[in-house]
Ligand code: SAM
Ligand code: SF4
């Protein structure tokens, strides 16, 4: 269905859990995380009910995220049931990749189409630092596994952090020479734990493009409608390079998504305080559909993260679902 600005909304991102097995410095605090009791989270049957209703309104893309979606017990069952929903044609997850190696075969066999894996550095010690304790090998072997079983395209999310990974952007691009991987450079957002880091370490896509152009000639690529990525390729390389620039170049006019938090709140925009509680209407199909419609119709024209009136929401990416 279209929102009131004529954007076709066909993409729902569902955060399954606000817990994670890593503590990325721009995302989660080291300590003091208030863990929601499991009984407050949506159950699988609730999530499936919401997705079915959303599919009737034209949502055909589902992405499970978090927190870390792969720490959720029996996620293969949820993927399997989601894949069966009529109208759902694209089913993906965003994951830190640490647990994916063992799950990839199963998830693919039950209907997972593709994965985005977060990896902000290619260096072991820096990975351990940024994730506060993660082991890069667990992620690298998951990436290899996904490529080998055809869980593709594999997209690698790299959050740009000045002074941390700007010197590695060229190394990331070299990966696309022989591998059909899309490297997606994402601008750091002043949200949650990213707020403090943003002041010192924000790096725009434009500046990174300049760094890259010293070494490579980038050829712009076409993207599908609703895409929030600017896509490039080095001639004759197998993979692509994407830039997601929520801060320097708002992509709101192409935004095609709504979000569902792990406790059942529908968020029309990542950066707005507005939420619609869907948990309270799970047993009333008509009201559920009505609330979903309202969510879509209340999508703002654009986010206000860069304005003085920015949302006062103190929600973090791991709570909303990145
Ligand atoms: N745990 C999974 C992962 O890391 O891929 C999924 C959830 S995570 C919140 C989703 C994405 O949000 C990740 O790619 C992460 O790097 C990104 N992210 C988290 N905080 C961010 C911030 N402040 N600015 C930009 N991206 C952020
Ligand atoms: Fe966990 Fe993903 Fe946040 Fe890192 S970015 S702390 S892996 S939720």
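Residue 1 is the first one shown; counting continues down the chain.
Note that Cβ sites are derived from N, Cα and C of the backbone, with glycine treated the same way.
Features of the protein shown, as given by TrEMBL:
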- 4-227: domain 'Radical SAM core' (DOMAIN)
- 13, 63, 94, 155, 257, 258, 259: GTP binding site (BINDING)
- 20, 24, 27: [4Fe-4S] cluster 1 binding site (BINDING)
- 26, 67, 118, 189: S-adenosyl-L-methionine binding site (BINDING)
- 252, 255, 269: [4Fe-4S] cluster 2 binding site (BINDING)
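Feature map: TrEMBL annotations on the structure.
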residue: 20; record: [4Fe-4S] cluster 1 binding site; contacts (Cβ under 8 Å, 6+ apart): 27, 28, 66, 67, 68, 71, 96, 318
residue: 24; record: [4Fe-4S] cluster 1 binding site; contacts (Cβ under 8 Å, 6+ apart): 96, 118, 120, 130, 131, 132, 193
residue: 63; record: GTP binding site; contacts (Cβ under 8 Å, 6+ apart): 11, 12, 13, 14, 91, 92, 93, 94, 116
residue: 257; record: GTP binding site; contacts (Cβ under 8 Å, 6+ apart): 9, 11, 12, 13
residue: 258; record: GTP binding site; contacts (Cβ under 8 Å, 6+ apart): 9, 11, 12, 13, 59, 266, 267, 268, 295, 296, 299
residue: 269; record: [4Fe-4S] cluster 2 binding site; contacts (Cβ under 8 Å, 6+ apart): 255, 299, 300, 303
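The shortest Cα-Cα distance between residue 189 (S-adenosyl-L-methionine binding site) and any of the binding-site residues 155, 252, 259 is the one to 252. Taken in sequence order, the binding-site residues 27, 94, 118, 189, 258 that lie near ligand 1, meaning a CB under 6 Å from one of its atoms, are 27, 94, 118, 189. Within the set 26, 67, 118, 189 that the record links to S-adenosyl-L-methionine, no two Cα atoms are more than 17 Å apart, and one pair reaches that distance.
Residues 20, 67, taken from the binding-site residues 20, 67, 259, are distinguished by a CB atom under 6 angstroms from ligand 2.
In sequence order, 22, 23, 26, 28, 68, 96, 131, 193, 317, 318 are the same-chain residues whose CB sits within 8 A of the CB centroid of 20, 24, 27, the residues recorded for [4Fe-4S] cluster 1 being left out. Listed binding-site residues: 27, 252, 255. The one with the lowest count of other Cβ atoms within 10 Å of its Cβ is 252. Ranking the binding-site residues 26, 155, 259 by the distance of their Cα atoms from the Cα of residue 252 ([4Fe-4S] cluster 2 binding site) places 259 first.
Rounded to a whole value, the Cα-Cα separation of residue 26 (S-adenosyl-L-methionine binding site) and residue 155 (GTP binding site) is 20 Å. Of all Cβ atoms in the protein chains displayed, 22 besides its own lie within 10 Å of the Cβ of residue 189 (S-adenosyl-L-methionine binding site). Residues belonging to the domain 'Radical SAM core' (4-227) score a mean pLDDT of 95 in the model.
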